[in-house]
Amino acid sequence: LSAASWRTQSIYFLLTDRFGRTDNSTTATCNTGNEIYCGGSWQGIIDHLDYIEGMGFTAIWISPITEQLPQDTADGEAYHGYWQQKIYDVNSNFGTADNLKSLSDALHARGMYLMVDVVPDHMGYAGNGNDVDYSVFDPFDSSSYFHPYCLITDWDNLTMVEDCWEGDTIVSLPDLDTTETAVRTIWYDWVADLVSNYSVDGLRIDSVLEVQPDFFPGYNKASGVYCVGEIDNGNPASDCPYQKVLDGVLNYPIYWQLLYAFESSSGSISNLYNMIKSVASDCSDPTLLGNFIENHDNPRFAKYTSDYSQAKNVLSYIFLSDGIPIVYAGEEQHYAGGKVPYNREATWLSGYDTSAELYTWIATTNAIRKLAIAADSAYITYANDAFYTDSNTIAMAKGTSGSQVITVLSNKGSSGSSYTLTLSGSGYTSGTKLIEAYTCTSVTVDSSGDIPVPMASGLPRVLLPASVVDSSSLCGGSGRLYVE
């Protein structure tokens with residue numbers, strides 16, 4: 001699937017080992033602290049696609065599929081998929097190649113898409129970097145394919161980050177020399193075959209900062225699909241240039257400021273506002289970035305705040321701003337795991353509860369986004385405009401003038417009072433009838449061109465023209481504009 005076609009998708013990210021088991025158990029033990037395989041499988045994903053599709057997601061991103069180091073080390077097992085050894089074999093803990101093809105087929109039968117996590121940067125070895133037996137790697141079976149051993153100690157030194165190794169002295173991550181023609185040829189051929197063999201629609205690329213940038217244009221091109229890269233860094237000046245070599249990157253610059261703005265009622269809205277402007281100016285196309293507030297590498301949002309209103313605000317942001325929304329499995333169940341490995345809880349232990357408060361919130365928010373896309377062909381590429389802030393509130397407009405979606409977010413939390421926010425600068429003219437899509441409340445733009453937005457309990461508000469909502473399946477409308 002092309003980068004342009006990915007703009008309108010929404011992605012549910014899961015670690016295959018932690019989402020669903022082949023036996024469909026919802027009680028099988030998964031102690032995250034043990035850092036071992038918990039029994040998730042590709043068949044387990046297939047069996048619970050209704051749960052994912054029920055939130056309106058159109059795609060899933062699954063953890064890496066390659067054969068991993070087999071040992072149970074002091075750092076645990078390779079259940080996450082980032083310690084690969086044999087790139088032409090699939091991880092048998094998750095099933096067979098046919099099971100993976102069946103997952104791809106099951107998604108496509110629903111009109112959904114498959115994104116696979118890939119790791120061109122490194123392999124994985126159970127042992128010290130000085131003692132690696134390179135013959136265990138297929139096809140990179142000699143040290144000539146790799147950078148000489150040195151651990152990354154200074155993450156601000158880009159040369160070191162690219163040339164030295166991630167990992168530690170228990171599990172070393174031998175760093176492939178991606179400047180070598182032999183390495184490039186193998187990876188470019190491999191990624192083309194991966195996409196072809198499993199009908200893959202998109203790729204998430206791990207550890208992008210650790211690879212020389214000029215490796216990626218050939219890799220992205222060979223894949224023939226949308227590629228979004230991971231750069232775990234909050235600086236748009238260093239992240240955005242990677243859009244010259246990849247379709248998109250994960251939106252870490254927004255992630256950090258979104259977290260800081262909404263983790264408490266004293267969070268900085270102004271820093272988020274400034275970062276929205278920075279990303280818009282520094283990145284060549286913010287609509288191709290991957291938006292998230294949770295993943296498997298950072299503590300969950302609920303670890304910072306247990307407040308449901310604050311959680312709803314950050315979710316509304318990732319869906320209704322520029323970029324492709326990504327939700328990490330368990331986020332919809334308000335999981336609260338801290339840093340790695342505690343943020344890698346088994347989804348099945350929630351019983352796949354479709355009545356959970358954030359499950360239904362995500363479903364509604366996804367429907368609002370799909371309605372905006374259906375109603376306005378320019379919506380998805382229209383630059384999001386953060387046009388109002390106060391100490392607790394940010395308001396944004398996205399879409400063609402006259403049908404723009406107005407999103408109002410608050411960090412006040414569930415104890416926030418009820419009040420009317422007089423919102424100016426939305427671009428709507430006096431007398432325009434709007435509907436707030438979460439509460440189905442009618443609002444009319446006043447004679448000054450201001451919108452009287454009814455705020456309560458620190459909850460987000462999203463306003464669309466009444467004519468658009470009335471033609472949708474939201475708020476008891478006619479359903480003429482198809483929204484799942």
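Every residue, even glycine, has its Cβ placed from backbone N, Cα and C.
Taken from Swiss-Prot, the feature N-linked glycosylation site covers Asn24 (among others), and the record attributes it to sequence analysis. For Asn24 (N-linked glycosylation site), the same-chain residues lying six or more positions away in sequence with a CB closer than 8 A to its CB are Gly44, Asp47.
The C-beta environment of Cys38 (disulfide bond), restricted to residues of the same chain at least 6 apart in sequence and closer than 8 Å, consists of Asp17, Arg18, Arg21, Ala28, Thr29, Cys30, Tyr79, Ala346. Cys38 (disulfide bond) falls outside any helix or strand according to DSSP and counts as coil. Look at Swiss-Prot and you will find Cys30-Cys38 (among others) tagged as disulfide bond.
Look at Swiss-Prot and you will find Trp83, His122, Arg204, Leu209, Glu210, Gly234, Asp297, Arg344 tagged as substrate binding site, backed by similarity to another entry. DSSP assigns Arg344 (substrate binding site) to coil in the three-state reduction, outside any helix or strand.
Sequence-distant neighbours of Asp121 (Ca(2+) 1 binding site): residues of the same chain at least 6 apart with a C-beta under 8 Å from its C-beta are Glu166, Leu173, Asp175, Leu176, Thr178, Asp206, Ser207, Val208, Glu210, Val211. Feature annotation from Swiss-Prot assigns Ca(2+) 1 binding site to Asp121, Glu162, Asp175, Glu210.
For Cys150-Cys164 (among others), the entry in Swiss-Prot reads disulfide bond, with the evidence type experimental evidence. The secondary structure of Cys150 (disulfide bond), as reduced to three states from DSSP, is coil rather than helix or strand. Within the same chain, the residues at least 6 positions away from Cys150 (disulfide bond) whose Cβ sits under 8 Å from its Cβ are Gly129, Met160, Asp163, Cys164, Trp165, listed in sequence order.
Sequence annotations record features per position, and here Swiss-Prot assigns N-linked glycosylation site to Asn157 (among others) based on sequence analysis. Asn157 (N-linked glycosylation site) counts 12 other C-beta atoms within 10 Å of its own C-beta, drawing on all protein chains shown.
Its Cβ taken as reference, Asn197 (N-linked glycosylation site) is surrounded by 12 other Cβ atoms within 10 Å in the chains shown. The feature N-linked glycosylation site is assigned by Swiss-Prot to Asn197 (among others).
The annotation active site, nucleophile is assigned in Swiss-Prot to Asp206. DSSP assigns Asp206 (active site, nucleophile) to coil in the three-state reduction, outside any helix or strand.
The active site, proton donor annotation in Swiss-Prot covers Glu230. Non-local contacts of Glu230 (active site, proton donor) by the CB criterion (under 8 A, 6+ apart in sequence, same chain) comprise Arg204, Ile205, Asp206, Ser207, Val208, Val249, Leu250.
Among the features that Swiss-Prot reports, disulfide bond is placed at Cys240-Cys283 (among others), with the record citing experimental evidence. Neighbour count (other Cβ atoms within 10 Å of the Cβ, all protein chains): 23 for Cys283 (disulfide bond).
Neighbour list (Asp297 (substrate binding site), Cβ cut-off 8 Å, at least 6 residues apart, same chain): Asp232, Val340, Asn343. Mapped onto three states, the DSSP output places Asp297 (substrate binding site) in coil. The site 'Transition state stabilizer' feature in Swiss-Prot is assigned to Asp297; the stated evidence is similarity to another entry.
Neighbour density for Cys440 (disulfide bond): within 10 A of its CB lie 12 other CB atoms from the protein chains shown. Residues or ranges marked as disulfide bond in Swiss-Prot: Cys440-Cys475 (among others).
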Pairwise CA distance, Asn157 (N-linked glycosylation site) versus Leu209 (substrate binding site), rounded so that it is a whole Å:
11
Of the recorded positions listed as His122, Asn197, Cys440, Cys475, the one whose CA lies nearest the CA of Glu162 (Ca(2+) 1 binding site):
His122
Residues near the Ca(2+) 1 site, Asp121, Glu162, Asp175, Glu210 excluded, by Cβ within 8 Å of the Cβ center?
His122, His147, Val161, Asp163, Cys164, Trp165, Glu166, Leu176, Thr178, Ser207, Leu209, Val211
Measuring Cα to Cα, how many angstrom lie between Leu209 (substrate binding site) and Cys283 (disulfide bond)?
16
Local backbone state of Cys240 (disulfide bond), from DSSP in three classes:
helix
